[in-house]
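Student: So TrEMBL says this about it:
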DOMAIN    79-136  domain 'Potassium channel'
DOMAIN    168-246  domain 'Potassium channel'
CARBOHYD  N77  N-linked glycosylation site
TRANSMEM  6-26  transmembrane segment
TRANSMEM  110-131  transmembrane segment
TRANSMEM  157-177  transmembrane segment
TRANSMEM  189-207  transmembrane segment
TRANSMEM  219-242  transmembrane segment
Amino acid sequence: QISWTPLLVLGYLFYLLLGAMVFQLLEKQAETHSRDQFQLEKLKFLQNYTCLDRQALEQFVQVLMEAWEKGVNPEGNSTNPSNWDFSNSFFFAGTVVTTIGYGNRSPSTVAGQVFCVFYALFGVPLNLAFLNQLGKGLNAHLITLERWVQKPGRAKVQLAVFLTTGTLLFLVFPPLVFSYVEGWSYGEGFYFTFITLSTIGFGDYVVGTNPNRHYIPLYRSLTAIWIVFGLAWLALVFNVGADLVEKFLQLKWHKPDLSLAEGATTKLEDEPEQPRIHIPT
């Protein structure tokens, strides 16, 4: 038998190196252009307002950055909705226990920070347990996915229904809603949807943060509920995809003993298969 573990490690490292090269190629030049454009805008601002010097402008920019880091949007005025009303607080609690962590909002008081630590300490395991129970409701679909390679007949239809329904509910239709409510393009809404449900959570796009738009009170709370169910579905898809990769490597690099394989097949036919549910964070 040939161990596939070194091959998987090399493939993983190669995938990271490939991603780094592509991101550098796509984003570095755009970042340089944005940086130069920002410096040019500051220079124009100083030329138009000669009563200010560069040091005063830099201090004002620092104030804006500190406000943004504390979750205060510099746009608008003091009449903007609070970042810590019940709806926004409910949404933030969901991002904590699901480990999304957008980074655009965080507790600023010592008491809030200490509470956040213990809230996450107990909330993250509770969230995983909840997702496991939610995933058990999809046992039939999970068994179908795990048997897909061996029994590609009717299972292909069930697999297509499972993937299509979940894709429509969690990846295709939500960007339409976000595009309408937030004013994003469909591509930006789709990007936000996947980045959120995969718990990557960059924080460059977050719902309900535009001070120039009016949101209904339950908007962010409903979004948090959608995130929870979307996490369960996408986690199942990721889990099955990881299982298929492992099975592919084992079938490709291992030479099983035919007699042992026949015995194992007979044993599996005699004993009912128990579904295996595993929801990764």
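Cβ atoms here come from the backbone N, Cα and C positions, even for glycine.
Note that TrEMBL annotation is computational and uncurated.
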Student: Taking only the residues in the domain 'Potassium channel' (168-246), give me the average pLDDT of this model.
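Tutor: For the domain 'Potassium channel' (168-246), the model's average pLDDT rounds to 88.
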Student: Would you list the DSSP helix, strand and coil counts for the residues of the domain 'Potassium channel' (168-246)?
Tutor: 55 helix, 0 strand, 24 coil
